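Per Swiss-Prot, the feature L-cysteinyl-5'-AMP binding site maps to CYS48, GLY49, ILE50, THR51, THR63, ASN86, VAL87, THR88, TRP232, GLY254, GLU255, ASP256, ILE288. Positions annotated as Zn(2+) binding site by Swiss-Prot: CYS48, CYS236, HIS261. Taken from Swiss-Prot, the feature motif ''HIGH' region' covers 50-60, and the record attributes it to sequence analysis. The motif ''ERGGDP' region' feature in Swiss-Prot is assigned to 192-197. The motif ''KMSKS' region' annotation in Swiss-Prot covers 294-298 and is backed by sequence analysis.
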Amino acid sequence: MQSWQKPLVADFRSVVGEDQPVPLHMWDTASREVTPLTPSDEATVYVCGITPYDSTHLGHAATYVTFDVLNRQLLANGHRVNFVQNVTDVDDPLFERAQRDGVDWQELGEEQTDLFRQDMANLGVIPPTSYIGAVEAIPDVIDMVSTLLDNGSAYVVDDPTYPDVYADRTATPQFGYESRYDEATMEQFFAERGGDPDRPGKRDPLDSLLWRAERPGEPAWDSPFGRGRPGWHIECAAIAARYLGSHFDVQGGGEDLIFPHHEYSAAHVEAACGVERMADHYMHTGLIALGGVKMSKSLGNLVFVSRLCNAGTDPSSIRLALYAGHYRDQRNWSDALLAAASRRLALWRTAVETVHAHNDADSEARARRLVDDVRQALATDLDTPAAVDLVDEWAGSIVDKEKIWDLPGVDGKNAHESLSVPVPCAAPATDDKLSVAQGKITILDDGKDSEADAKSVELASATAGTQRCGAHSHASGELTVDLLPAPHQRGDAPSALYSHLSPAAALVAGCVDALLGLKL
């Protein structure tokens with residue numbers, strides 16, 4: 001399956017002029033502690049992909065941006081990265097959505113996968129080395145199920161009508177080590193998350209489906225154990241083992257996949273390949289909430305990346321908003337969060353431009369210290385909040401933030417005749433309205449309130465595709481801001497992305513690009 005176009009990414013080692021790796025320490029769900037992540041020359045990562053419907057909401061984005069940041073730290077340390085990601089393009093939820101909407105399940109899957117690709121490209125996520133659909137992996141699934149049947153780790157239920165194949169959960173004595181849940185919690189999550197504990201003929205309620213015998217109206221493929229289709233967990237197990245082997249560095253995904261999905265996919269690989277532990281690290285992202293309620297397809301309270309981008313939101317603002325919380329925490333998405341990220345991005349861009357215009361030895365020394373500190377923060381369990389704070393501190397020492405936000409019509413301040421410094425492309429969250437047209441932003445103080453979601457999109461739109469602004473005050477009280485193109489819009493090669501900047505500015509912009517995927 002085709003992935004998406006690779007973004008232009010600054011080469012970190014070329015930017016900083018050194019090749020000294022920084023030791024990585026990442027949280028491991030199985031041990032419940034931060035432990036060293038020590039790949040060989042080739043780092044190996046498997047991240048569970050989407051079931052292609054309702055793509056791409058911010059819960060998805062949070063997960064894939066997180067593992068993109070991990071990918072970038074591995075690359076900065078000089079590793080080759082073998083990054084594998086799947087698409088669950090044959091599964092019950094996909095069939096149910098297609099039936100609800102009256103469309104073909106394959107067409108729905110292809111359409112939503114295309115949308116996901118576009119969203120990942122817009123967010124600047126580095127594409128996986130291998131992007132594999134479950135359908136194309138069915139031969140690998142059949143091979144693994146056959147192995148599990150042959151070595152006694154699986155069995156066929158005694159049902160002449162639907163002879164499904166199940167994994168014996170006792171086949172691996174270490175089963176449960178990843179989630180560390182007790183039996184009652186396992187049974188609860190198994191029932192809630194696609195399991196069938198009450199299926200007649202099973203040896204144990206927690207035995208998981210490997211191969212579902214053909215049912216009327218469902219897709220099916222030939223196999224030595226009858227026509228049917230794969231279970232959910234065996235799909236990822238077969239893909240991971242095929243493209244990464246029986247043991248690799250990181251298995252990742254959202255925390256709702258810890259059990260049953262990741263527990264079982266690891267157990268299937270371990271039982272089929274005779275290994276004790278599939279991955280060195282099991283990493284999981286916290287869930288994203290809207291208004292304090294978890295975003296979910298069932299509740300329908302989803303915020304979509306494509307809608308934000310279509311409204312003009314700078315993708316870097318979306319990434320930066322997600323960085324405000326640690327990837328393992330439960331995070332709440334809000335209009336204010338996105339607006340704050342847009343203002344922060346504008347501040348950083350203005351600081352880079354200011355340093356570019358006034359480069360000196362002290363600026364270069366401070367920029368290099370910043371790069372070292374940001375790298376260390378991210379090497380410590382991807383601590384993006386700490387990294388963001390570090391860049392904030394650096395930018396705040398360069399740009400007079402009081403002057404930056406002292407705009408006509410903002411927060412009830414009086415209009416000024418002129419501004420003494422360039423201003424970022426967004427103002428603080430207020431009731432003022434922004435209009436974007438023909439490469440200019442106009443901030444209007446009409447005294448009227450605006451809806452929170454519209455205000456967020458407008459504020460975020462203000463920095464869309466921009467690097468810095470110049471401001472012009474008018475007697476009418478309007479402030480018109482010229483938008484200048486960001487580096488990623490100029491079509492530069494990765495090695496030349498920041499060659500137009502002074503050494504200090506290039507250090508900061510290149511670091512933020514290479515490590516965080518943000519375009520300054």
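Note: Cβ is positioned from N, Cα and C throughout, glycine not excepted.
These numbers come from a predicted model, not from an experiment.
In this structure, the C-alpha atom of ILE50 (L-cysteinyl-5'-AMP binding site) lies 13 angstrom from that of HIS261 (Zn(2+) binding site). Here the motif ''HIGH' region' (50-60) has Cβ contacts under 8 Å with residues 87-89, 91, 93-94, 97-98, 108-113, 115-116, 119-120, 254, 287-288, 295-297, 302-306, 318, 322, 333 of the same chain, all six or more residues outside its ends.
Across the structure, CYS236 (Zn(2+) binding site) and GLU255 (L-cysteinyl-5'-AMP binding site) place their CA atoms 16 angstrom apart. Tertiary neighbourhood of the motif ''ERGGDP' region' (192-197): same-chain residues 92, 205-206, 208-209, 232, 256, 259-261, selected by CB-CB distance under 8 Å and a gap of 6+ residues from either end. Each residue in the motif ''HIGH' region' (50-60) has a pLDDT score, and their mean in this model is 92. Within 10 Å of HIS261 (Zn(2+) binding site), counting CA to CA, the binding-site residues THR63, VAL87, TRP232, ILE288 contribute TRP232. Within 10 Å of the C-beta atom of VAL87 (L-cysteinyl-5'-AMP binding site) sit 27 other C-beta atoms, taking all shown protein chains into account. Binding-site extent for L-cysteinyl-5'-AMP: residues CYS48, GLY49, ILE50, THR51, THR63, ASN86, VAL87, THR88, TRP232, GLY254, GLU255, ASP256, ILE288, maximum pairwise Cα distance 23 Å (rounded to the nearest whole number). DSSP assigns ILE288 (L-cysteinyl-5'-AMP binding site) to a strand in the three-state reduction. For the binding-site residues ILE50, CYS236, ILE288, counting C-beta atoms within 10 A of each C-beta gives the highest total at CYS236.
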